[in-house]
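The next block holds one structure in the form of structure tokens; read it before the comments.
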Amino acid sequence: MITNGALITFYISIIGLVLIVSRNLRTNRSHLINKIYVAFSMILIEWMIALIGMRFTAPGDEIMLYVWDALSNFGTSLAPVLLLLIALVFTHHYDQLPKRVRGLFLVPLLTNVMIWTNPLHHLHYKHFSVIASEVVFGPYMYISGGYSYLCMIAAIVIILHFAFKSNNRLYMQQAVMFSLGTLIPLAVSMLATFKVLDLSIAATPISFVFTVIFHGIAIEKLNFLNITPIATQHILDWISDCYLILSETGLVLNYNQPFAQIIGSRCGIEINKPLINIQRDHDPSAMTAVYNLISSVESARESRSSIAYEQMIVADGRLHYYMVEVTPLIINKAIVGFSVIYKDVTKLKESMQNLQNSQKRMMERERLASLGQMVGGIAHNLKTPIMSIAGALNAMNDLVDECQRSFGDPEVTPADYREIAQEMTDWIHRCKDSCSYMSDIITAVKGQAANMNASDKVTFTPEELLRRTTLLMRHELTVHNCQLVSENNVPPSVMLHGDINNLVQIVNNFIANAIDAQLPQSDHTIHLKIWQEDGQLSLSVSDHGSGISDSVRRHLLKEMITSKGTAGAGLGLYMSKALIQGKFDGELWFNDNPGGGAVFGFTIPLNSEVLQEETPLKSEERSPF
């Protein structure tokens, strides 16, 4: 029977369980684990109330005693299943119970049916009594009892395995408290069921007092119901980057879901499979990715440091670009494995390509706009030599007519014919000079009209750079009443190697900006200087104009900015900086002119790619021809 001590224990346990339930309801905790634990607490309360009702029922009223026992078995059958569900939800972070898990309630449901219909078949009790020594269990009792024990053992194993695998101190403490609260009633119930000890029917519910105590510690002190762990695998599966874990020998140990979907399925990489055994003969690109991974792992092993490289993989008909980092895992100076992170940089590369394309389009528009501004001046420059040639042709035509009329005239001497020939020779030389001048202009314009993305690397002198610049900017300088003074301090033996059109475009931009910066009363002289110093070639264009304001100076060469208002876009200097850095490995700079105005220039390093110096052959090396 149930003693007074057991009765007091039930009262205290019910109060504790009510406090736990009320706290969950008061804090409005709606997680699944909270709901299950509330249900578990209510089941224990119902179980103990049934035993209290049995305590106050007359010993001779067997029907009422059986009813109370049937009600208590409702808690006996469901409590182990709920403990198992708590362990499953704790370790798997379920938001709702999967359908397969709901099948755990089938046996408790059948048990309650068997208990309430026991008088018809006696499969649960062959002989019922409230005195434990007089009870005779039927065969089904061992089935339901064994199922309950399996549920409780499984709950302990699952939660302890998770805690030790996670290697988290808090999870371990929570798991230990939960396991102790489950293990004690499990042991007591087994001792009572198999009659190892002579225990009363109140022994098992009383043992659940320890469940209340240990679970209370886990809940109040360790926040068991507040901190539901999310398994590491779940977190890694949510990460967009792909990761792969390899053993020291190259055996695949683990990877996350993004890796499996994009890389693993394509390359045939599977868990518990060595990388070296992977074969994808029908997919060369996949095998290339595997070979790159194997060689990078070996490099990381030899260097004992991280190795990074870029990998392109085709998936779902699209190109994916990954920055791969292979890191050796070193413990006690020994390599125990490798972690491989595939960071998806596809969108980054696409954004960079779009940005480059936009910059190229903007720079091309600026170049064409600059070229359009030159057209008027170029037409004027070409008009002068064309008119000169036309005049020379008229003069030579007159001389030809004079020569024809003189044939057979005795008064015309050979000296007269030689004078006519000399005059024609002079006009021919003038035509050649004009043609040469036009050829130079056309060559300069042709270079500027070419697409700026095309690269025509040639060897040229700084003097050639100055000559082309002067030809193209002559009209612009004349119209604005400016004078260009050039100073070339570089030896003639120094030859530049690269695309001269890019440098002409940059210098033209410097001069055009200097012209625009002129003040009405200032000195309209623009100085262009080239010199060589400390292994570098420098060019500068200085003016005596308005200078650079502080608002523009802060952003100049860092972003597209202009001091010309709506007349400028700031692309000229921005484009010049990109050309100097990208094609000549140089730097573009600016300073204030001490005499007023500004100085813009660039510096090119003297190396074999950009600049070279011709060395004359020694006498013994020169060709005899």
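Backbone N, Cα and C atoms are what each Cβ position is placed from, and that goes for glycine too.
Nobody curates TrEMBL annotations by hand; they come from automatic prediction.
As annotated by TrEMBL, transmembrane segment applies to 6-25, 37-58, 70-91, 103-120, 140-163, 175-194, 200-219. Feature annotation from TrEMBL assigns domain 'Histidine kinase' to 377-608.
Contacts between the transmembrane segment (200-219) and the transmembrane segment (103-120): absent, as fewer than 3 C-beta pairs lie under 8 angstroms at sequence separation of six or more. Residues 83, 86-87, 90, 132, 137, 141-142, 145, 148-149, 152-153, 155-156, 159-160, 162-163, 201, 203-204, 206-208, 210-215, 217-218, 222, 224 of the same chain, all 6+ positions outside the transmembrane segment (175-194), place their C-beta atoms under 8 angstroms from a C-beta of that stretch. Of the ranges 6-25, 103-120, 140-163, the one with the most Cβ pairs under 8 Å to the transmembrane segment (70-91) is 140-163. Sequence-distant contacts of the transmembrane segment (103-120), counting only residues of its own chain at least 6 positions beyond either end whose CB sits under 8 Å from a CB of the stretch, comprise 69-70, 73-74, 77-78, 81, 84-85, 128, 138, 140, 143-144, 147, 151. Sequence-remote contacts of a segment are chain residues at least 6 beyond its ends whose Cβ falls under 8 Å from one of its Cβ atoms, and for the transmembrane segment (140-163) they are 76-77, 79-81, 83-84, 86-88, 90-91, 104, 107-108, 110-111, 114, 123-125, 171-172, 174-176, 178-179, 182-183, 185-186, 189-190, 193, 229, 231. The average pLDDT the prediction assigns to the domain 'Histidine kinase' (377-608) is 79.
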